[in-house]
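Before anything else, here's the structure in question.
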């Protein structure tokens with residue numbers, strides 16, 4: 001099957017093209033709405049690139065140029081030749097709890113729950129509508145970051161607020177990074193030679209946004225992100241868990257509006273708020289140069305991560321493995337070491353030499369005697385989206 005995967009942002013479109021589950025092309029439309037917009041399509045098989053630089057006013061114009069580059073490259077005759085298009089959608093809300101084929105109801109519901117993800121869902125919706133217009137005969141599939149967490153029990157996803165806030169306004173914990181957690185847990189089952197239905201793992205997706213997921217018998221039973229991706233771990237620029245009473249206090253102290261506080265928590269906090277850096281390579285370089293705030297930021301990040309992983313040991317009946325994924329999880333040996341050392345009493349023995357090896361790909365980095373395996377698994381959300389898209393279209 002020929003499947004296109006789209007991740008539409010407010011001013012960009014990232015895409016990958018799969019032919020029979022093999023990546024044939026990837027690319028990006030960037031700076032939509034600006035004078036110096038750019039479209040890049042790369043033939044993954046021979047590394048040949050095709051580019052356009054011109055003013056792109058909207059997503060529709062951007063996708064039209066992507067179509068031109070597909071034709072020029074010879075990779076795809078036309079977008080209408082696709083069997084399906086999978087769209088990454090951050091938030092499905094309460095009603096769209098599973099991945100699904102797009103119809104009028106789905107479009108309206110994605111729009112309705114945009115209030116939960118105002119930075120993401122409107123752009124995703126624009127991407128879907130653009131694709132429908134460009135290739136009316138192609139099936140579109142909505143893949144929700146929240147869907148993997150639909151199996152959380154009510155006592156895990158409810159907030160201890162008056163019940164009406166859930167019943168009437170759908171305020172609950174939804175969780176995110178679901179496509180990534182689903183992909184790496186599936187790969188872990190293969191690596192550990194276990195059936196997914198018997199797999200108990202803790203998945204840590206660590207990037208600029210970060211979350212942990214407790215997976216019991218292959219299903220999500222708890223996760224660190226909540227109603228929004230702000231809850232949970234200390235992140236690149238997000239504060240994570242916070243005493244809610246701090247918000248009105250800050251508002252009175254600094255005279256900030258709700259919108260300004262939201263920006264403060266999402267874009268000016270996390271490790272960046274502590275030390276001025278959100279790239280962990282910069283943070284670790286600063287630590288080597290004696291920057292105490294950088295040391296504090298790293299310690300806070302790792303400590304919160306340890307607390308969440310430790311709590312999920314208590315949630316799961318047993319734990320087969322911890323999975324590290326995402327840019328930091330896959331590449332930062334110091335973070336993995338600091339976390340695993342603090343969890344040693346739970347049966348985790350890291351092999352320090354394996355951990356330090358700078359190699360890509362899936363690998364096991366625990367000592368042979370470790371009761372709990374430690375896995376590094378590069379995530380591939382686009383491949384997972386393509387797989388689900390193909391599955392739903394076939395059925």
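Counting begins at 1 with the first residue displayed.
Heads up, the Cβ atoms here are built off N, Cα and C, so glycines get one too.
Quick paste from Swiss-Prot:
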ACT_SITE  145  active site, proton donor/acceptor
BINDING   7, 381  Mg(2+) binding site
BINDING   14, 205, 206, 207, 208, 209, 279, 280, 281, 327, 328, 329, 330, 331  ATP binding site
BINDING   88  substrate binding site
SITE      177  site 'Transition state stabilizer'
SITE      238  site 'Transition state stabilizer'
Looking at the recorded positions 7, 88, 145, 177, 238, which has the shortest Cα distance to residue 208 (ATP binding site)?
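Considering only the listed recorded positions, the nearest one is 238.
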Counting Cβ atoms within 10 Å of each candidate's own Cβ, which of the binding-site residues 206, 328 comes out highest?
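Most Cβ neighbours within 10 Å: 206.
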Give the sequence-ordered list of residues that share a chain with residue 381 (Mg(2+) binding site), lie 6 or more positions from it, and have CB atoms under 8 Å from its CB.
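For residue 381 (Mg(2+) binding site), the qualifying residues are 88, 179, 180, 183.
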Cβ-Cβ under 8 Å from residue 330 (ATP binding site), same chain, 6 or more residues apart: which ones?
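Non-local contacts for residue 330 (ATP binding site): 324, 360, 376, 377, 378, 379.
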Taking only the Cα atoms, work out how far residue 328 (ATP binding site) lies from residue 177 (site 'Transition state stabilizer'), in Å, as a whole number.
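Cα-Cα, rounded: 15 Å.
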Write down the Cα-Cα distance for residue 206 (ATP binding site) and residue 238 (site 'Transition state stabilizer'), rounded and given in Å.
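Rounded to the nearest whole number, the Cα-Cα distance is 13 Å.
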Out of 14, 177, which has the highest number of nearby Cβ atoms, where nearby means within 10 Å of its Cβ, if these are the recorded positions?
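Checking each of 14, 177, the winner is 177.
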Do me a favour and check the Cα-Cα span between residue 7 (Mg(2+) binding site) and residue 177 (site 'Transition state stabilizer'); whole Å is fine.
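Cα to Cα, residue 7 (Mg(2+) binding site) and residue 177 (site 'Transition state stabilizer') are separated by 14 Å.
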Expressed to the nearest Å, what is the distance separating residue 14 (ATP binding site) and the residue listed as 'active site, proton donor/acceptor' at their Cα atoms?
16
Work out the three-state DSSP category of residue 88 (substrate binding site).
strand
What does the structure give for the C-alpha distance between residue 279 (ATP binding site) and residue 177 (site 'Transition state stabilizer')? Integer Å is fine.
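Approximately 20 Å lies between the Cα of residue 279 (ATP binding site) and that of residue 177 (site 'Transition state stabilizer').
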Where does residue 328 (ATP binding site) sit in DSSP terms: helix, strand, or coil?
helix
Over all shown protein chains, what is the count of other CB atoms within 10 A of the CB belonging to residue 208 (ATP binding site)?
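Summing over all protein chains shown, residue 208 (ATP binding site) has 17 other Cβ atoms within 10 Å.
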Have a look at the recorded positions 145, 206, 281 and say which one has the shortest Cα distance to residue 177 (site 'Transition state stabilizer').
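Out of the listed candidates, the nearest Cα belongs to 145.
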